[in-house]
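*Asks:* The structure's right below; bear with me while I get my questions together.
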Amino acid sequence: MSKELASKAAGSAKQAQVNSRSVATVPSVRGMSSSPPLAEAAYSPLTPITALPNKLDPADAELKTLIDNNQAWADAVTKEKPNYFKEMSLKQEPKILWIGCSDSRVPAEQVVQLGPGEIFVHRNIANVVHHTDMNCLSVLQYAVEVLKVEHIIVCGHYHCGGVKASLGTTQFGLIDNWLRTIKDVYREHQSELEAIEDTKVRERRLVELNVVNSAMNVASTTIVQNAWQRGQKLAVHGWAHNIEDGLINKLNLTLRDNSSLEKVYRLF
Ligand SMILES: [Zn+2]
């Protein structure tokens, strides 16, 4: 990763401003003004907001609540748009690939208010993009070459358990090997990170640097560079979601070609 780019990106970038909108209206994605607005979703609403973080009754061993919820949702959508599911079954044309953390508090569709058919999603612990991860690479290849998404968003989040764990010495098992990549990011930016005295601020910065690293790894793939070389419209963005206020912090990182990659990673 280019250190210059990493220092430009993220940092104390200002929080995105709150756009007040109801959950029933669907949106273009903030900061993508150069692209045409996304089509209005043909349904509403998204999952309703509830006061309790966990509605599942521990006695509901058969997960009846979930099946009931699903039935109610399908009924409501069908009532409003009788052909919605039929039309949805015919194709998908998402414009966005989201690469995020598996954390249950950062549901991709919900935080950007997009619905079924609008966002292709890959999530893993701490939104790590590794150049040998066949799962992530397969999602990326399909999204870019078949679906022809126009935006790839790598979205990390503050208070990320994976990033927190990578800062410590406690062992959690197999996952420690996955998180090793974040330790590599730490090592690469060790002097910057260790100059930050407040451990919470240091952790936030590592969240951002991990996003930058993942975004640069996305941009370094043959998949993305070949797309750029053949003139395909494709941007790679780095974002961090703040669980404390629900807002996305757009890190100063959007790649539209391979010019920001270090020379050794450039394929054309
Ligand atoms: Zn996380």
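Easy rule for this one: first residue shown is 1, then count along the chain.
Note that Cβ sites are derived from N, Cα and C of the backbone, with glycine treated the same way.
Note: TrEMBL annotation is automatic and uncurated.
Just lifted these from TrEMBL, have a look:
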REGION    1-31  region 'Disordered'
COMPBIAS  7-17  compositional bias 'Low complexity'
COMPBIAS  18-31  compositional bias 'Polar residues'
BINDING   CYS101, ASP103, HIS157, CYS160  Zn(2+) binding site
*Asks:* Ten-angstrom check, please: count other Cβ atoms within 10 Å of the Cβ of HIS157 (Zn(2+) binding site), all chains counted.
*Replies:* 25
*Asks:* Report, as a single number, how many Cβ atoms besides its own are within 10 Å of the Cβ of CYS101 (Zn(2+) binding site).
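*Replies:* A count of 25.
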*Asks:* List, in sequence order, the residues of the same chain other than CYS101, ASP103, HIS157, CYS160 whose Cβ lies within 8 Å of the centroid of the Cβ atoms of the recorded Zn(2+) site.
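*Replies:* For the Zn(2+) site the neighbour list reads GLY100, SER102, ARG105, VAL106, ALA126, ASN127, GLY156, TYR158, HIS159, GLY161, GLY162, VAL163, VAL207, HIS241, ILE243.
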*Asks:* CB neighbours of ASP103 (Zn(2+) binding site) within 10 A?
*Replies:* 19
*Asks:* Are there any residues in the same chain, six or more apart in sequence, whose C-beta is under 8 angstroms from the C-beta of CYS160 (Zn(2+) binding site), and if so which?
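*Replies:* In sequence order, CYS101, ASP103, ALA126, VAL207, ASN210 meet the Cβ cut-off.
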*Asks:* Specify the secondary structure state of CYS101 (Zn(2+) binding site) as given by DSSP, simplified to three classes.
*Replies:* strand
*Asks:* With DSSP assignments reduced to helix, strand and coil, which class does CYS160 (Zn(2+) binding site) get?
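*Replies:* CYS160 (Zn(2+) binding site) sits in coil per DSSP, no helix or strand.
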